[in-house]
Structures are given as structure tokens and as C-alpha cells.
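Visitor: Got a structure for you, written out below as C-alpha cells; questions coming shortly.
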């Protein structure tokens, strides 16, 4: 048993028998946490030093921290503590993304004011975050539902309005006819309103927008400068912006002198294969020329996908035109109008079609069925001609042929040209004769920021019968929410408030009505990183110039598109209005992986919480154990963070959550793993206390080969944290503990090295033990340990030699020694033992498993 015990300890280092050998004391982590937290000061104050700004995406105050939060915040904390030890002036703030729909739902279901619900949750989560030992500068804490915060974004909106970056227009939304309110996409369940159960209809209402589309090219090109971002995220944003290079071409309308349909195409070289033109149901000509009956319009609107230009609430992936997703049949209504081919002069039929989008290109296309899949499907449906105009090498290739390789044919003056050559030529041709031009189109649409809800930032405009829409004066900000509000009324509570919405016009002083919409909650999260730069809140240009951009931003990849894209746009808009000098808010981005857990079901198939599953197993009842998957409320495979911290301590939770996988990969939570981490920290405490209880005035001199090993560990540790390979850094901590335990090289110097590299990961225990080592030194912020380049570049490598898992001696060999040579040299150190098996770990260890010895 003891042999197996020591062998397993090499991997898990969690054997209770081993921990009871030597010096053992109680690991009272609660007292240690309280002691260490009393020593720390996390403020950012020395502006003469080089800055490092690390930011984890701030949480929504739901009231509960989960393991995903823990992983996100601990990754950021390791970097913050490490950079502080390297002499940086570290900004590591925290705040609360506090507006949003859940608070209103709570108000309705529990009869509690959204502000009170939110504040209670913030208080609870703040306590949890502090218990983990996160090095946040709490002096900079902010909450987006505070008027002191949102008065600034009201000011930004007024600046955007003045700069032409904000405007209002009619937009299609999901409308609940019973509650008389707009619903976000996620509030529509099987076509019905989440609260009333009414069948949801589409309706156009006035909505506010920000002109993100004006920045499409700038946002796209800016991705090239983001060398610290994952390529996957940059690709997702590039696809979302959706640049298409092509041309605008005018097709004359037959019978209407000087009237044209401007068609956008990415394949202008195929113009001689055109057999029809089609426009969107929302194209201006549809109404101007009365091209559709109400019944025909209804048919097309019912079958049209992604025509709405309204960007619904957070977590909803709208805001772009999805050209790939057109469900069902390609439908068209043949109109009375004909259009003339700009070169042949032949007439083409004009359709209003459900696969043409008003928000993409010009809202009109020419159809070349031979070389476009959608055009081909439409032509097949309506028996339209299909003329090949590109000849491929293999002449028997079936249509549609959509590749850009081949020679032009049946194309008049383009015949014989390669496709790309013909494209360039036709664009030059249409430009020279004045019927078109080169044109880029983007799928990205303007950002709809209006929400018909109470719990959000009020929009600072009023409406006066005499003066029309008027912005509120800056000196009258903030426009705050009314405290007394009735959530039982149908529709937007602000719209029905008896007094709040009635005010005076800032221009003429006459009666006016407030805008009763509130901002999309992405508005708040699009600039909060700049607000953290100043303790006073808002945007202080000088502070932003020092701290921005954020050096390392950490959050889930689910935010790759909306939040991260909106924040990049918002920073540019603030730059245009003179608030900040930067255009990119985040220099580097880390998208941490999900925290997963096994799911459990009882015999009836009902999902169980882990504790419920454990109780059933103890009773001998059957429990079905599912695969590792993302923790979720629906599958109840959630581990409560507060319970884990209470049972194992903050340090064990921090250490384990970083231990197994790279930060960007998913992480599997297990009771066995957290228990092993707890015991490993207990082992470190015992190791340090063993030294403290036995040290004398004459310190043990560390052997040269041990010094080499320690310096290599420090070097690797430094590199791994710099590269954010934190699981590899954790492995190096294990390696150092093994080395010090096995070699007995315990001295004030080696213990300090251990505690210094441990501190970013396990701050409470490291700080506590450091206080025992040197009573007047605070470990947090003290200099990082240096390593000797000469030692780590040695031609030799040091390995541990073990017998049945027990340390025998360190062996120094040349780096280029073969496995056979190393084992032969190591074997001499165990004398006449009979070796049954050899475990060789290159560059690390040789372990001889022996059944007997001579």
C-alpha cells in the first residue's frame, strides 16, 4: 500500500498518509484568508510607472457567482498580481452591468423594485468576490444603473446626435398586442409573448439607431492591428461586418424615362447571363409604382427571413443581414414592370422576391441563374432562361457553376477573358459610360438602441408640439428613472407613468413629453472600460490616455460579435466626438473556455443537482451519470461557488480552476480535483512550516544542480504566465514543491522563491506563510523572483532519481545523453536493488520500481 501511495503522490500529491508524515498542522484556511486580506492594498496610484490594465468582463448582478465567473476572474487576478510584482502600475477594476430585463421580471414576479433587487444582488456578489481574494481596486467600483454612471452616457448620446451618429427612424419589431409592448427575440417563445401568451406580430415603430454602419470599413481594417486577439474572434467579426466588393449598375425601367433600378452585384462580369431582375419587398419602387397588392405583400413578408433592420436585445444575434439563411422556397411576385439590359437592350422581367434584402447592397439584383445558386433555384421555380456565360475547363460541369475560374463566353465584348480580368473590365466600362461604378457593400446594419422598458437608461430627448424633437440640456442631466412605477400596466411602464414623462421643452419652455424608451444595455457595456480609468467616473481624457487601451481583456467567446464589436465602434464614436484619443479599446483578448460538469438524472429522467445525486447514491438508488457539459440551470449540473469556498477555501478553488487545461479550453470540474488541490496546498503549508520549525542560524547551502533546477522552473514559470499558459505554470509549482521536498533544499531563499511564484495563484496561503518567513514584508506587490540565465543555459540537465517513488538523489547528466545512458547512471545510485520496471520521464525523473534489494 505504501509503495502505491508514494507513486501516486508523484502525480496527485494528495495522499493523506503522506501528508501525515513529518510536520503536520491544521490548515485553517478561513483564518488565513482573513489575515491575508487585511494586508492588501489594490489601488492604482503611481502614474510614473508603466501601466498594465487587465479587465475581466463585468458581471450581470444575478445574485450568484458560478464557476465560469471564478475562472474568468481568477485568470485576470493572476495576471494582475504578476504584473504588479514586475513593477507595473496595475489597473484591475470591477463593476456591475446592472440594467436589464431580469430585474423587471423579478419586479413582476416577486413584487420587488428592480433597484432593490439589483442592489441586494450586488451586495451578495461583492461579498463573494472579496472572499476569493481578487485584487480589485474597489475604489473604482461602478454600477451601470447608478445615475452617476448613466448621466455620462446620456451626455455621449447628445454628442452623437450632434455629430450625426444617432438618428431615429421607423423599424420593424416584435409586438405583443395584449401587453402592448415590444419584445426581444428571446421573449418570443414559439411565436408567442413570454408573459401574455399572445401571438406576436410584426410592427413598425420609431426607434433610435447609432450609425455603426458608417464605420464598417474602419472596423474591418482595424482587425488587422489586433495582433493580441484570437484569429477566430477576428474572423467572426469580419464575417459579421460582411464586406462584399462589387459594382452598382443602372438598369433602365421600360416606359419610365430617366428612371433606373440600381442593382448591386458581386459578379458584374456575369451581366450577359442576366435573365431577370428582382427587388426587395421593402424597395421604394414597390410603393411608388404600386407593384404589390396587400395579399401579395403578406405572402412575401411571411416568407422573408432577416428583413428586419431592428437589432433586438442583448444576447440576440441581430444587427447584420444573413445572406446565407433564407429558409424555404424562393418566392417572387412578377410585376407589370420590365427593365432593360444596359448592354443588349433586351427586356428583363422584374420580380419582388423574398430572397432580396433591402438592407444589403441596393435592395435590387440581376439574376444570373447559370452562376448563382439562389438565382438558379428561383429560375427553376419560375421557368426562367439559364444562359452559361463562363466556360469551365470541364465543359460538362452542371449548372449552377459558381466558381471564379474559367473563360467568359456568350458575353459580347467580354468573350475570351478570364473571370477576374472580365470583372475589372466591366467595372471600368460601366464607369466610363456613366451607368455604374465600383461599390462595396456590408452586411452590418446600424445599431438599434431603443428598448421599451423601465429598467434602463432614459434617452435624453423630449418632444414638443411647437419645437418637435429637442435634446435635453447637458446641465439638466441625468434624466433619472421615476422611483414609483407600476409594473402591472400593459406595455412600457414609463409610457404610462402619470407624471414622469411630462416636462417642459428646453427650447421654448412650453409643455413637452419625454422619450419613454431606454437604451439597449449594450450601450452601458460599450464604454465602461473607459469609466474605470478615473476614480471620479465618467471619462477623464488624461486618465484614459494613460490607461487605455486595456492591455488584457478576458471574457467568453459568446461576446465575440455584439459586445466586442459595439465597444470597438463606441470607442471610435467617442474618439470622433473628442472624448478619447484611442480607437481600439482592447489590445489583447483572451476568451476563456467554459466550465463543465457531469450531469445527473434519477430513474425518472429528471435532472439532479450534484448534492442530490450524491444523496441518492448513498441510499443505493440508481443515478444516471451524463457526459461533461457546460454548467446550466436546466441540467442542474451547477456547483455553487460559495459552498466550494466555504468547504475548501478560496485558494484551493483558484488553484484547481487553473490547473488542468489552457485558459481558452473548456474545464471539467470534479470533486476529486478540488480535493487534490486542497491537499496539495496543505502539503505546501506543511513543507514551509517544517522549515520554519527546524531552521537554525546556519542556513543549508543549496546544491548547484538544485539551483539549476530552481532557476529553470522560475524561467519556465515566468514564460508561461507571460504567455497565459496558466495550467503549465501550475505544473511548475508542483515541480518545485516536488524538488524541494525530495532534495531537502529548504532555506529562506528557496522558500521565498516558492511563495513568490505561488502568490498570484494562491494568494492567501502564500501571504500568510511569507509573514511567518519575514514578518515585516507584504508579499503582494513585492518583486518577482529573477533567474540566472547562465545557470539555465547549462549543457547539463538535472533529474530526480527515485526508488519505489521515494527520492534517492538528484542526477546531473549531459543534455544529449541517451535514455539508456541516463538509466545506467541512475541505476548506480540504487546499488544492488532488483529492478522490476523503470519509469523514465525525459528531463525530469527516473523512477525504479523494485521488488527487493541485495
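Keep in mind that glycine also has a Cβ here, set from the backbone N, Cα and C atoms.
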Visitor: Please identify the range among 625-629, 630-634, 635-639, 640-644 that TrEMBL labels motif ''KMSKS' region'.
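Guide: Result: 630-634 is the stretch TrEMBL calls motif ''KMSKS' region'.
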Visitor: According to TrEMBL, which of these ranges is motif ''HIGH' region': 59-69, 70-80, 81-91, 92-102?
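Guide: The range carrying the motif ''HIGH' region' annotation in TrEMBL is 59-69.
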Visitor: So what's near the motif ''KMSKS' region' (630-634) in sequence-distant terms, Cβ-Cβ under 8 Å and 6+ beyond its ends?
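Guide: Residues 66-68, 594-597, 607, 666, 669 contact the motif ''KMSKS' region' (630-634) from elsewhere in the chain.
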Visitor: Looking only at residues six or more beyond either end of the domain 'Aminoacyl-tRNA synthetase class Ia' (629-659), which have a C-beta under 8 A from one in the stretch?
Guide: 27, 29-30, 32-33, 64-71, 74-75, 77-78, 128, 131-133, 594-600, 607-610, 612, 666-667, 669, 673-678, 680-681, 726-727, 729-730, 761-765
Visitor: Grab the pLDDT values for the domain 'Aminoacyl-tRNA synthetase class Ia' (629-659) and give me their mean, rounded.
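Guide: Averaged over the domain 'Aminoacyl-tRNA synthetase class Ia' (629-659), per-residue pLDDT gives 90.
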